[in-house]
Amino acid sequence: MNQEVLNIFNPVQAAPTFDQIRISLASPEKIRSWSFGEIKKPETINYRTFKPERDGLFCARIFGPTKDYECLCGKYKRMKYKGIICEKCGVEVTLARVRRERMGHIELASPVAHIWFLKSLPSRIAMMLDMPLKDIERVLYFEYYIVTEPGLTPLKQHQLLSEDDYMRAQEEYGDDSFTAEIGAEAIQNLLKAIDLEKEAERLREELSGTVSDMKQKKFSKRLKILEAFQESGNRPEWMVLTVVPVIPPELRPLVPLDGGRFATSDLNDLYRRVINRNNRLKRLIELRAPDIIIRNEKRMLQESVDALFDNGRRGRVITGANKRPLKSLADMLKGKQGRFRQNLLGKRVDYSGRSVIVVGPELKLHECGLPKKMALELFKPFIYARLDAKGLSGTVKQSKRMVEREQPQVWDILEEVIREHPVLLNRAPTLHRLGIQAFEPKLIEGKAIQLHPLVCAAFNADFDGDQMAVHVPLSLEAQLEARVLMMSTNNILSPANGRPIIVPSQDIVLGLYYLSVARDGEPGEGKIFADLGEIEAAMDAGVVSLHAKIKARHTEMTPEGVLLRKVIDTTPGRMKIAALLPHHPQIGHRLIEKALTKKEIGNLIDIVYRHCGQKATVIFADKVMGLGFKEAAKAGISFGKDDIIIPVRKTAIVEETRKLAEEYEQQYADGLITKGEKYNKVVDAWAKATDRVADEMMAELQMKHKDENGREKEINAIYMMAHSGARGSQAQMKQLGGMRGLMAKPSGEIIETPIVSNFKEGLTVQEYFNSTHGARKGLADTALKTANSGYLTRRLVDVAQDCIIVEEDCGTTKGITLRAVVEGGDVLVSLGSRVLGRFTAEDVKDPGTGELVVPADTYIDENIADAIEAAVVQSVKVRSVLTCEAKIGVCGACYGRDLARGTPVNIGEAVGVIAAQSIGEPGTQLTMRTFHIGGTAQVAEQSFFEASNEGTVRVIGPTVVGSDGALVIMSRNTSVSVLVDGKERETYKPPYGARLRVKDGDLVKRGQRLGDWDPYTTPIITEVAGKIRAEDLVDGLSIREEVDEATGIAQRVVADWRTSARGSDLRPAMGVLSEDGSYKRLSNGGEARYLLSAGAILSVADGDEVKPGEVIARIPTEGAKTRDITGGLPRVAELFEARRPKDCAVIAEMDGRVEFGKDYKNKRRIKITPDVDADGNQPEAVEFLIPKGKHIAVHDGDYITKGEYIIDGNPDPHDILRILGVEALANFLVDEIQEVYRLQGVPINDKHIETIVRQMLQKVEILEPGDTGLIKGDHLDKPEFDKEQEKAIARGGRPAVTQPVLLGITKASLQTKSFISAASFQETTRVLTEASVHGKTDTLEGLKENVIVGRLIPAGTGSYLRSLQRVAAKRDEQLAQQREDAMEPLPAEIALSDAE
């Protein structure tokens, strides 16, 4: 009874709970069943009375009353008449809220095609009827008749007839011998006539019978849509509307403005046009108007309904009175301002304030300063409640007055309310989850929020006028989550790479660095002190200085855990830092007996976190910050102009390089090198010179100068700032005191003349002009790429949002193999750091002894990682999200460590979103950082390799001895490795044509150069000696003399011979002949003929004698472009979108021998003949057609292995997947993407990239459907396919054959299982059209779709609730089953047996 009473006064029902959402086509019956009445008039409201017109668009009889519990005429008012329908005005007495829910409808006088299914490509109606879209449009818009029933006439089904044809046919065959119709009725009847089952059956037969690819594709597309209609229970004719639904009036409001005008939603205009035309059409039909008029009206009706659904999709856009296009139903949904992104995903939060931030150095790490005024406003409801509870005020009104007057007791209560009630601080843009953190508020005077200095790095905040928003978590659960998960003290490590993010910066670093400096000859050197107090007394007395080398007693913990005091060598400054270190066996004074740079302090915090846990780290960080600020202030470090040192040798180096550049100019003038080569060499020389000047400058800055008493002078202040990492970089110092160096043009090319001056000397006018390019380009790039980076993040989040940890362990034995990242002899990323925080997939054994280092399924922590490093293991197979076999989401063991916590990941962690944020966040950071070095070009070219270990050289692969006795590498797969104690420590694959400085079996020292090559050209080298013969080198066709204007020197360059008809069948080549005029034989049995590609520069002429290892021709490579993230962000996007690169590499599909076949038009034919396989069968050879003029990296007769490049370039990721498989693809993508970030010095953990790649590899393509009933060429999710496959195998059918497909992130997002998520991402119309035809069900598994329907997301706390719901549902099923079992009567079975 109570519930009933409550219902009367509070009619808000709990929203119905649901587990999934289905979208399908609405039948006319369905639309009528939703509707509360037909709308017959286009009127809206009476402009005098403001009452809705009857039967109009706002009719109260259909949609409900405008005021709560009051009919329109006012006969029935108040609650007691609830549910009565007024006999005068026909309005039901109920809540006005029903006007938001009740729909109406319009009965159309003539059917109308739904524009989404007609025009949204691929057109569903056209596919159902198997007709071109153009023809269907002609019929719909009354241009042509369509034959629906040919009868016995020679006309064909679906044939189009113009007006004249139709007349003629009627005369010829008689009126009744055939039927042809026109307009939407015709299309509707054709759709009605389709028998889905028969049609599908027929298509399947045709599919199995056809061989041509085109037809197969066409049939399978059509079959798919037929099956979709069959399975979803939709009828094709529903794509043509006979009834149009009208949405509730409150959702398309009409608002009176002052001055008797109205503001209205565009939908009302659109509906009005539909109703007007519909009514006119009805009247014309009743009046039996001429056909042509009716037809015109029908066409106009079709157009008006089109505009209502999707304005501008067909024909011209319908505009309103103010010439602005009207916003149709489709526009309401799509785009950034549409329903999905603006209102469902972009909800705003209440209880928030925002203000400027200032620094709060005396705060603790978990605190923030909140202005009193702001706190009072934010915590108002809490204050009212507390005032009431304490009996200080009787009513809310009274409380309100007290708070407004700011009476003294209010402040006391505010203190109580705020105590331990965390607030969230957010700084836009929130690029990763550390952009919102929780703090305990501390009331302060003033109007600015105080922020702790150490969290600035996470927020990317600075105090130059940044603003931050404050949000108050209201419910107890929210407060709990804020405290446990979001408190700044819980976010010490960065989720992107697991390194501390709460790291001192700027002043603090400078203070600590200054403290940790030790200097010779300081007062008090060599004294011994008992403790810190004694040192401080001595410093106050001036007996000892901060940097003196002294001895002192220091307490440390032994490995047994006992505190021990011992005398150590230190300085007073270092003692101060040592006093802050927590006691732990692993943490001793040795960690700080060095100059503490920013990096060292970061490592220190990391070590404290690993060994002593979170609490100790927070306390330590706070203390360190205090000390750093204090000491930086005391040190008073400053610098003047004279602190910028210009190196003595600068002029000498510049002159030397000038001479070198002139020499190159001369060589170019003499025709020894090309213009491009000269450019490359000059740029390179100047880049090297700039670096040398910078090194000289740094060396002079570091030199220790002593005064006459032997005391060291103060270190240079600028050097201190840069070296400690407090501010500035070596690149900036180089520009202050060295030389600015090379500049880039806006196009990205490097200007040949460098800027020789530095900022201290001042730039000349010309230099200044040159340097403005870089600066301007930097600023322009920043603006553009911020947007690009944001869009990349959005796509990444969208593709990865449903990747959640769902279980502890999926139990797979698969994994990926990780190796150290080595480049040019330097280990960039060690194996230990790559495998850290993962689970091993199989046993790791010592390569030398074969003994077990780590068993399988072990979590690799720091200690185990060190053990793996120590055992010199080359590679480790670890679990990875790429190989995880969890059905939805991924499992904890495959993911490994939660980087932000340093422990194995928890169930319910949204690892996909974290991955997307970690990759996207630096994108914005980096783009904003392009201009810091002022556009100074850095040429990143590597042209040699050195040994990084001492050992023996082993050269494997073809080489030849050149004229100077050096080995020249003759193949793409020659490898040079260094062995230590017989174990391979490092391996290099130098490029073709590199010259080795060592021979096989030589002993090398560490750092010794093993070989080098010219980075600017690729040579073509002869393997044998003999006489040169030029072939097909026809002057003016395939070769041209390039005479340089500047020098008048000619050189012979191979021209592009395909441009003219005469040269189409030339094959320019250089042959090496023996005495008798035949070709020399090469070691692999081929002829010594070297094909030349366009652009090659000849080094020898016809008839010259050559020796082995001599260069016949050079192919210039592109000039060095600046490697900025400018190349980086688009590169990352290109990789994630899996686009085919422009000039992509051609990859060998199998092992085999290369042959050059007969040429085809202007393509070269390359054939790979594989070896005979184990059964003695000869597999089929593979042919490639390659455009002439491309440089082919293999030679006739070479043996190549699968996956090798036949043509150099960027490989196509799809090829890698097809030829080498998933693991190779993952390695390629991870390495390429990491390279971009590494170049910028941004550390990101590999597993984030792997997570995104997993999402790109979710689909498989059906190659052979077998007996699964799937369609060839279909793309399916792996779990779905597995289900179908199991069914087929269980039936005893043939299994299907599939291959994995790689989808770019945009495509993968649009093809996700959830149509809600896809629709809110991009191409809303297309997604919804497809989903409704297929009758798709969204099971609400990802985060996005749950946010949109307003439920808890299935991650974090929500994932636990989700699992509880699952358990509950299972239990309910079991209980129901038990009940049924209990109810079953027994006698039925007995009766059965009698009957038998």
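Cβ coordinates are placed from backbone N, Cα and C, and glycine is handled just like the others.
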| task | For the region 'Disordered' entry in Swiss-Prot, name the matching range from 47-71, 1047-1071, 1247-1271, 1372-1396. | result | 1372-1396
| query | Between D462 (Mg(2+) binding site) and C894 (Zn(2+) 2 binding site), what C-alpha distance do you get in Å? | reply | 38
| query | Which entry in the list of binding-site residues, C71, C73, has its Cβ near the fewest other Cβ atoms, using 10 Å as the limit? | reply | C73
| request: Could you check which of the binding-site residues (D464, D466, C810, C884, C894) sits closest to C73 (Zn(2+) 1 binding site), going Cα to Cα? | output: D466
| remark: Students should find that the Cα atoms of C891 (Zn(2+) 2 binding site) and D466 (Mg(2+) binding site) sit apart, in Å rounded to an integer, by 40
| remark: C884 (Zn(2+) 2 binding site), Cβ-centred 10 Å count of other Cβ atoms over all protein chains shown, is 26
| remark: Whole-number Å distance separating the Cα atoms of C89 (Zn(2+) 1 binding site) and D466 (Mg(2+) binding site) is 60
| field | Fewest other Cβ within 10 angstroms of its own Cβ, chosen from the binding-site residues D462, D464, D466 | value | D464
| field | Which of C86, C894, all binding-site residues, has a Cβ with the fewest other Cβ atoms inside 10 Å | value | C86
| query | Tell me which residues of the chain lie with their Cβ under 8 angstroms from that of C810 (Zn(2+) 2 binding site), as long as they are six or more apart in sequence? | reply | C884, E885, A886, V890, C891, A893, C894
| query | Per 10 Å Cβ neighbour count, which of the binding-site residues C89, C891 ranks highest? | reply | C891
| Shell of the Mg(2+) site beyond D462, D464, D466, same chain only (C-beta within 8 angstroms of their C-beta centre) | I357, A461, F463, G465
| field | Listed in sequence order, residues not in C71, C73, C86, C89 with Cβ within 8 Å of the centre of the Zn(2+) 1 site Cβ atoms | value | A60, L72, G74, K75, Y76, E87, K88, G90, V91
| C71 (Zn(2+) 1 binding site) and D464 (Mg(2+) binding site), Cα-Cα, nearest whole angstrom | 60
